[in-house]
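Note sheet for the following structure.
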């Protein structure tokens, strides 16, 4: 490989008019075998260069050949000034971080930070570790938003241009992936090696849940309500559970395994409530229209729980026909979306979803009450957060 590099370099110069020679040091990155015995080898069979060994090579240069400085820039010298190296690292860090820093400037409700603080009432994790957990969950959440917006072709995020429409899809996805890797690196600082496999398994579950959601959309497959809930438990619930998992691994509280299991169930239930509520609000809330666009989920082809119920109860197949036009047109018109909402209302799907959310909210509150009894500690912070998410009727 190194000999081929040298050969390629030689072709850049006019050897026929060479009048001087330049000696450079080639630093080898991989072991390769000489065709001839190296000077310091006693073997007649040929030797080898070990990793990072050096070999001095004479290169003929013409009168008009590039200067030695140019040659050194062609990766034949690993020497680099500390100033140049610092500038390069600073620039690459700025470029890699820019899309992520952009999404951090967008308005946020701070739900996940408040959620972690509320769980910590019971788990008593030290402040330093709690800060890392908040940062990690924020990194995973925001990087997933960057990816989601690109996958869904969403032009807006929280009322501002989506990250991929500002930096381009390639740069946005590269940064999102980069941030996920950085998050996992930070997780390694606060959990032991034995627990790391379980933690990364939870992160993997998030992507698997998202994969199912995307697959249904791409192939126009209408999932059952049970399948939808399983997907939500993976896609959204897993990130909520990851918060609990990281807190539990760093907890200084005396909390029983049964209490942790009950807390995990409550957290999964809250994750389901959160996703169903978010999808429902996308259909009926004017604030969501300002932030994301009018019924944007319908443009994306996403199967929300409300839409699944409406399709199951639509004997006229009107919804099926309208949704098929999205695949033809690329998106639905405002009038088509209004017709979808009309069918949902007529079929009782909007009311059904609203009632279901009310029941889920009641169950979450009941789980909190049960945990307060078992832990002998009230959790006003978690109660306040759940009340904040309560659907206004």
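Glycine too: its Cβ is placed from the backbone N, Cα and C atoms.
Record check, Swiss-Prot: isopentenyl diphosphate site residues include 109, 112, 141, and the candidate from 92, 157, 158 also listed there is 158. Of the residues 226, 275, Swiss-Prot places 275 in the same dimethylallyl diphosphate site as 157, 235, 236, 282, 292, 302. In sequence order, 106, 107, 108, 291 are the residues of the chain that are 6 or more apart from residue 158 (isopentenyl diphosphate binding site) and have a CB within less than 8 Å of its CB. Counting other C-beta atoms within 10 Å of each candidate's C-beta, the binding-site residues 109, 112, 141, 157, 302 are led by 157. Looking at residue 236 (dimethylallyl diphosphate binding site) and residue 141 (isopentenyl diphosphate binding site), their Cα atoms lie 10 Å from each other. Sequence-distant contacts (6 or more apart, same chain, Cβ under 8 Å) of residue 292 (dimethylallyl diphosphate binding site) comprise 154, 156, 157, 282. Note on proximity: of the binding-site residues 152, 235, 275, 278, 302, the one nearest residue 141 (isopentenyl diphosphate binding site) is 235, by Cα distance.
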